[in-house]
Each structure stands twice: as C-alpha cells, then as structure tokens.
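Written below as structure tokens is the structure these notes are about.
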C-alpha cells in the first residue's frame, strides 16, 4: 500500500499543485506580454532589429501554451491520463526554456546591443513617404520633447513636433527642442526590456522551484 501510494495517489496533489503554479506563472507571462504589446510597442519601428518585439511575442507564446497545457496537467493527474501528463511536462519544459532563454537574452540585449539598435535617422529619411512612420516620430518627439536622433540638424525641414506647442508660429531651428531623441528612446527601451527580462527569468525560476 505504501509503495502504491508513493507511486500514484500521493503524487497527485504534487502534480496538481505544480500545475496550478504553472498555470498562474504562465498566465502572468501572458498578461505581461499582452500589456507590453499594447502599451510598450509604440516605437518598435525605430529599432533596427526585431529583438525587442520578439521578446514580447515569446512571452505571449510561452504564456499561452503554458496556460493552456497546465490545465492538461491537472486533468491528467486527476484522471491518470499519461497522454495529458506527457503533454503537460513537455510543454512545461518548453515554456521554462523559452522564458529562461528570453530572460537571459533580454538582459544581454539590454547591456550590449541596445544602443546600436536605435536608428531614428533612418526612420526620418523614410518618413517622407511613410505616414505611419512619421506619426511614430511625431509621438516620440512630442512625448520626450526632443528633435531628431541627435538634434534638429537631422531634419531638412522641421516637423511641428520638434517645437514646443504654441498657438501660432511655425517650427524653426531657433525654437526646436535642444536635445535629440536617441537618449530618451534608449532609456525607454532599456527600461522595458530590463523589466521583461527579469519577469521572464523570475517566472521560469518559479516553475522550476515549485
């Protein structure tokens, strides 16, 4: 009886408990990923690489699969379904690996790659034929009260967003914001990718430690 308990019945509560922890942590990853996609993706088009948006999508994907298959783990433990349990353990490992690697890569990107990834000047050159890109640049310059990548000289003709809002007058170099947008954008991305990296690492450790 004791051996049977150890092999089967006594393991059910442990598997169910782990399933609940995996479900909650995956739900947290999914929630953070969706929040970053909605609220923290405004300036993705001003970055050269896809690493920052990829971090967000990996959080969403890992969270989604982990959230769904955690239910399989609980159901498999309660019904003794080996198929469900196998799916659960495989998915849990994949989600853990995805979150852990995303966390480490995000922190590496934060420390080593980010500055090289910002390319506002190229976006300025393309904005004449791309209204959506111009809208993003206008938002950046208005939000952070900056102009160009390193200053107003990056523009041939200054947009209104380069100057403080006033009821009359056009934007000229004498009135333009004195600082470029490179530093503000770098800080914005750095804060978000740092947050995403530590959240991903934290959630992967929660899954492992439980």
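Yeah, the Cβs are placed from backbone N, Cα and C, and that goes for glycine too.
Transmembrane segment is the annotation TrEMBL gives to one range among 20-38, 115-133, and that range is 20-38. For the ranges 50-78, 137-165, the feature annotated in TrEMBL as transmembrane segment maps to 50-78. Around the Cβ of residue 146 (disulfide bond), the same chain contributes 140, 177, 179, 180, 181, 184, each under 8 angstroms and 6 or more positions distant in sequence.
Sparsest Cβ environment among the disulfide-bonded residues 147, 163, 181 (other Cβ atoms counted within 10 Å): 163.
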